[in-house]
Structures are given as structure tokens and as C-alpha cells.
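S.K.: Here you go, one structure.
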Amino acid sequence: MEGGQQYNPRTVEEVFRDFKGRRAGLIKALTTDVEEFYQQCDPEKENLCLYGFPSEQWEVNLPAEEVPPELPEPALGINFARDGMQEKDWLSLVAVHSDAWLLAVAFYFGARFGFDRADRRRLFNMINDLPTIFEVVSGTAKKQSKEKSSMSNHGSTKSKSNSKVAQRGSEPPPKYSRPQLKDEDEDGLEEEEDDEQGETLCGACGENYASDEFWICCDICEKWFHGKCVKITPARAEHIKQYKCPACSNKRART
């Protein structure tokens, strides 16, 4: 099922790395690859599951045949509810079940390799520092980030929302950001914005903003994305008048 060489993470760090890889794959299926995921979940097919792999890939497939399975299994039959719900609600439901599955897999490894109370607490705290898949897919993570940054620095938030620029420098085009050199007289302003940008989450992978990475904002849903997650380079962004993320583009294609 995993597609590739099997391995068993044995330390807290290895289990967390496994968790992050599977999580990234699942988020990709429910955001940037949502059109492909939607098509694969045909209600006419048998019970299907959504799997995330440590390699940050995802797969829709039948459940494992062995009983009991080698790893805990994801929610069964996600395809049956696809046409009976609003797409947004269906994706949120799959996201919630995916969060539960990720925790089950992580703590399965913890139990199998004898993690003690301290190890389990450390693993949970590492996992808990990341937004859940549901929070990323539903936009809750972004809302929470905005509320927190607004309370701490309202003026800086207003500036960012007007300009749609994730990092301020010499006024780059308003749809994307590139690392800029700081001027000495702007150090104070940059430090304020660094606090806000640290709370910005990628709409594809859910990871935090980093000043050395290229980001782009969708003009439709206003979510921010790593350029690498949506396959947009700084050079390509120069020629984009209105950027639409994969999820927004796919929604328009289906309507």
C-alpha cells in the first residue's frame, strides 16, 4: 500500500517526521490536488480510503486486505458521501477523519516501540504545534492566525491586507513576496511584521511563513501559499495579473 520501501520510525523525532510527511500528503490531496482527489472518489466504486505517505504523497485506494492491518486504517467509504454533501462539507469531513487517522498511526508507533509517558507527551506537543488538516482545509488556521496577529499588531495587519505582500521591501508586485534586504531605518517595522508573518500558514502544506521562502497569495480566497507548493516561481509570478490557487481554479471549472 505504501508504495516504496517500508520502514518503522522508532524515536519520537522519527515518528513526528513520519506524521509530517503523511500530513503533507493528505493536505495536498484536499487542497492543491483537490480536483484529482475529487475525481478518484467515485461513489460508484467500492469502499475507498485516503492514504497519506511519509514521502508527502497521497493515494485513494481500497483498504488493506490483511486482518488486522499492519497499520491503523483510514476512514472507509469516503467516496460514498461525495455526491450527497456540499463539496466543502465533504472535504471537511474527510479532513477530520484524516486527522484522527494520523494520530492513530503516530501513537500506534509509540505503543509498538514502547514510548514512555514523557515520550508520548513530547510527541503530542510536537504534533499539537501544527494546525490540523481540518483547520488548514476549512481556513480556520488562517482565521486564528489573523485574529492573533490583529490583536498583537493591528496596524501591521491592515498594511498587509491592503498590499497582499508577505514581506515588505522595495514594493514588489502585490501578489507575491521575495526576501528583501532591510534598511536600517526600517528595522523596527520589519521586527513588527516578522511577528505577524510567523503566524501565516501555507494553504497547501499548513507550514508557517519563513522569510527566506517565496510566497504567493490567491486573489480569490486570499490564502497564502509557498511557491513550491503551487508550482509558481518568482519569474512566473511577474506575469500573473490575477492569481488563482488550484482549489479556486478547480471550483470555477466545475461550476
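All positions are counted from 1 along the displayed chain.
In case you wondered, yes, glycine gets a Cβ from its N, Cα and C as well.
According to TrEMBL, the record shows the following:
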REGION    144-193  region 'Disordered'
COMPBIAS  150-165  compositional bias 'Polar residues'
COMPBIAS  183-193  compositional bias 'Acidic residues'
DOMAIN    199-251  domain 'PHD-type'
S.K.: So how many of the residues in the domain 'PHD-type' (199-251) end up helix, strand or coil by DSSP?
M.R.: 14 helix, 8 strand, 31 coil
S.K.: Summarise the model's confidence over the domain 'PHD-type' (199-251) as a mean pLDDT value.
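M.R.: For the domain 'PHD-type' (199-251), the model's average pLDDT rounds to 82.
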